[in-house]
């Protein structure tokens, strides 16, 4: 079974843990409890293939930035999360993306931009078009709006990253050459 190392990044309070826990355990965490770093494992089926996802839920606060390079180096796919209710969380993602590309030393990194808390439409300050435009600027990066509370697009975030990783590095042995045996 293929393993995938996924990393969830973004500012504090955007709902990184809520999205991760909703995906892994199927529950919504109401209380905000800042994360230092949590790791989750979940077996899922994506496109008829069994996958083991290792999801790293990271700290949003600035005090743990020293750990970032390490999990950026080890991660294969990245969910960059902002809250649609806080412009600053959207603005913070450009630096995070640049750091990922620098650590990975490539522009081709499986990544998805996630506008979380889309259930709070009346508190929205970051328009959907802003997210779509940023994703376009980022080499047509995948983009979704989600809600951990309302279970909107939660699974899709992680499944999309798995598909991107599969496209970038296909499963070994899946595309076998056709060979023939000729008897003389």
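Backbone N, Cα and C atoms are what each Cβ position is placed from, and that goes for glycine too.
Annotated features, as they stand in Swiss-Prot:
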type: BINDING; residues: 10-18, 57-61, 116-119, 147-149; note: GTP binding site
type: REGION; residues: 25-67; note: region 'Interaction with KRIT1'
type: MOTIF; residues: 32-40; note: motif 'Effector region'
type: MOD_RES; residues: 39; note: ADP-ribosylserine
type: MOD_RES; residues: 179; note: phosphoserine
type: MOD_RES; residues: 181; note: cysteine methyl ester
type: LIPID; residues: 181; note: S-geranylgeranyl cysteine
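All features noted in Swiss-Prot, drawn onto the structure.
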residue	record	Cβ within 10 Å
10	GTP binding site	24
13	GTP binding site	17
16	GTP binding site	27
39	ADP-ribosylserine	12
57	GTP binding site	23
60	GTP binding site	21
117	GTP binding site	28
147	GTP binding site	22
Item to complete: Kindly state the mean pLDDT of the region 'Interaction with KRIT1' (25-67) in the predicted structure.
Response: 86
Worksheet item: Taking just the CA atoms, what is the gap between residue 10 (GTP binding site) and residue 39 (ADP-ribosylserine) in Å?
Response: 16
Item to complete: Determine, to the nearest whole angstrom, how far the Cα atom of residue 13 (GTP binding site) is from the Cα atom of residue 39 (ADP-ribosylserine).
Response: 18
Worksheet item: the region 'Interaction with KRIT1' (25-67): which same-chain residues, six or more beyond its ends, come within Cβ distance under 8 Å?
Response: 1-14, 16-18, 75, 148-149, 151, 158-159, 162-163, 166, 171
Worksheet item: With DSSP helix as H/G/I and strand as E/B, how many residues of the motif 'Effector region' (32-40) fall in helix, strand and coil?
Response: 0 helix, 4 strand, 5 coil
Discussion item. Given the binding-site residues 57, 60, 117, find the one whose Cα is closest in space to the Cα of residue 39 (ADP-ribosylserine).
Written reply: 57
